Amino acid sequence: MPNILPGPLRGFGVTFGTMFRRVTTEQYPDEKKPTMPRYHGRHVLNRHPDGLEKCIGCELCAWACPADAIYVEGADNTEEERYSPGERYGRVYQINYLRCIFCGYCIEACPTRALTMSNEYELADDNRADLIYTKEQLLAPLAPGMEPPPHPMRLGDTKDYYRGTPAAHMLSGEDDAASETTLDRSDDHSATYEEAERP
């Protein structure tokens, strides 16, 4: 008759040994581990300091997406109804989080840094339709001092917006020499997800 005791005894030995080790289980969602600064979470459509949208409706993010998770439909700005600097804006913007693999290719493809990724990772839902995020859900909330579009360009011409001329200088009307100053991306004053919680 084969000896069946060594196997179960070895199993109990492993169990007994782990009883005295430090617990590695995290009590989620009561205890949430902070994410790394460059974590790829939910997308955010950023704004310029006066509230205009950075998205120009070029669709490069949609073309770069390997999962075909992004749908963009651009439209023309008019002086009476302006949503972004320049000629066009993203009239329709959707991200399907049932498809998205959070690779970040869309972020790299964006020419105006309109699209960035936040640290939000709690996207689970019991309704598939609710995981197709619309432009209204993705837009960064208006920070203090911002005006909801549509409205005219408040910070100069299109070049001033895309060069990142400091908004404080443009609004205060200081000398033109200072207008040549540009901002590094790390000092971007645009509204991002971290400035206000999603409604």
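Numbering starts at 1 and runs along the chain as displayed.
Backbone N, Cα and C atoms are what each Cβ position is placed from, and that goes for glycine too.
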Region 'Disordered' range according to Swiss-Prot, out of 128-163, 164-199
164-199
DSSP-derived structure type at Cys110 ([4Fe-4S] cluster 1 binding site), helix or strand or else coil:
coil
Cys55, Cys58, Cys61, Cys110 excluded, remaining Cβ within 8 Å of their centroid ([4Fe-4S] cluster 1):
Ile56, Gly57, Glu59, Leu60, Val72, Gly90, Cys106, Ala109, Pro111, Thr112, Ala114, Leu115
Are there residues of the same chain, six or more positions away from Cys61 ([4Fe-4S] cluster 1 binding site), whose CB falls under 8 angstroms from its CB, and which are they?
Ile70, Val72, Cys106, Ile107, Ala109, Cys110, Leu115
Assigned conformation of Cys58 ([4Fe-4S] cluster 1 binding site) - DSSP reduced to three states
coil
Measure from the Cβ of Cys55 ([4Fe-4S] cluster 1 binding site) and count the other Cβ atoms within 10 Å, all protein chains considered.
26
